[in-house]
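What follows is one structure encoded as structure tokens, with my remarks underneath.
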């Protein structure tokens, strides 16, 4: 069954080619073909993930019959199985959303499938140079996807992303070069033993570590290296922002963790002076600076983008702490953040489509104008802040626990501080949505505390009763007027778009309690990694 | 000592020059096309590093005839890696130039500062 591993990459690539060729002949077939490829990819991934957690040994596949360490091998263990599954599920969700929200071009569907192929490849490869190639495939697809927006801004954002991203990937390649010069091998498992033989004190080995961390730090968008990220996320179409915010940085952060654990090993981290401190300081600065920048934003998508800088600081800090609790927290937060941030971007897109609200100020009274989407946005926000039992809380809890176990008090303090700052920038939105009257015609004459607000004011518990109401508003006369006003001025998100956002909100809540079931699955892998 | 390094390791000196020159071009040049050229220079520096590392004095190409004992061969792997990296670099340049064409069509300029002014006007 491990012979199915290369199909994780091959299926989306074949789908991309098919979509490109058929899509140009018959425009209407673009989406169905992309969707079919994605469904096949999910089925395949689901099967392999179940297999990976059922067997104690990792699934391995030798590409082209060239045995490692000379050839390339693909590996799925308990660590990356979670990432592979995440990529497949989020990708399908975004495609469902993009059915109505667009972009509707064949270029988008092709780029989307190539991105999925690149991300899957990055997740499963066991070879350093292969990781670089998939990193660049992912990058190229992401640059092209950002540029699918209609206005010139998206092209400028994409070019900036391309220039900075290429420097990052090139530094990563230089790091691989240093490691290759030191050891003469590119296979991750082989590198781990040979780097130890060369000695962790070697300048070549240390330099390669620094270059690789900085290179992947650019792709993950850690603080001083994040400059491409807000422009790219803010200028991309909503579906694309959701997709790349949920997956591209996530898989890069996974790659960073994989390289730290499987190539340089935890022993390197603890034996080389300042190696762990270097990563921890990078992550800690990222947590604080990202949050502060997010508080200062007025544009919703830019705020969410800076929030990602902060959250990835948290994830990378967890991987640098490198004890069992912290790494569990890192994996949980990696997956949880992808679901929450992807959901938030998609919710923001759907809200903008419904009401035209794209800045913090325009969120006033939104809870009554679009109850269901507003509630989903609020639930996702609160989960991101870390309100139990949501997944955002569980991830942060484990990371803080790990920091305290390793007696890294500054990092523990930074994590708590970051929660306060996250509260600052998300709570002001929730407060505006539910406790302030809306502006303009859409809010109605005197209905700020009408029945619509009361129904949804208590967050996510009321989601199901209001499920149908977004389409057939029956919340009260004033709100009917509001809906009518919105209908005149703006479009309506499709049922699929709303459903994807609601599912993301539900997942953010449900995944939290499920972590205790996931922990024993992860444990055997962690034992071999740490 | 320094002269010795310059004479025997001049390739690495060129690498050490190409990387900052490329990075400087990307940061300092206002023209978007020149930024892309800077990116290419930067990448070339890294390609040269790989190729130089693979050089062995007096070694022959890795074509094993009969037995091949007593002969030093060059490892072909770095060359193959860089061939791949060059292809990646060409694709990146193509995408970058396509984006630049779009930017020019939209704003009528490739100058970073004028682009910012055009932003402010929107």
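Cβ atoms here come from the backbone N, Cα and C positions, even for glycine.
On a predicted model such as this, the values are computed, not experimentally measured, just so you know.
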Between the ranges A:440-484, A:485-529, TrEMBL assigns region 'Disordered' to A:440-484
Maximum Cβ pairs under 8 Å to the transmembrane segment (A:33-54) among A:6-26, A:74-97, A:106-125, A:131-149, A:243-266 is reached by A:74-97
Highest Cβ pair tally under 8 Å against the transmembrane segment (A:203-222), stretches A:131-149, A:243-266, A:407-427, lands on A:243-266
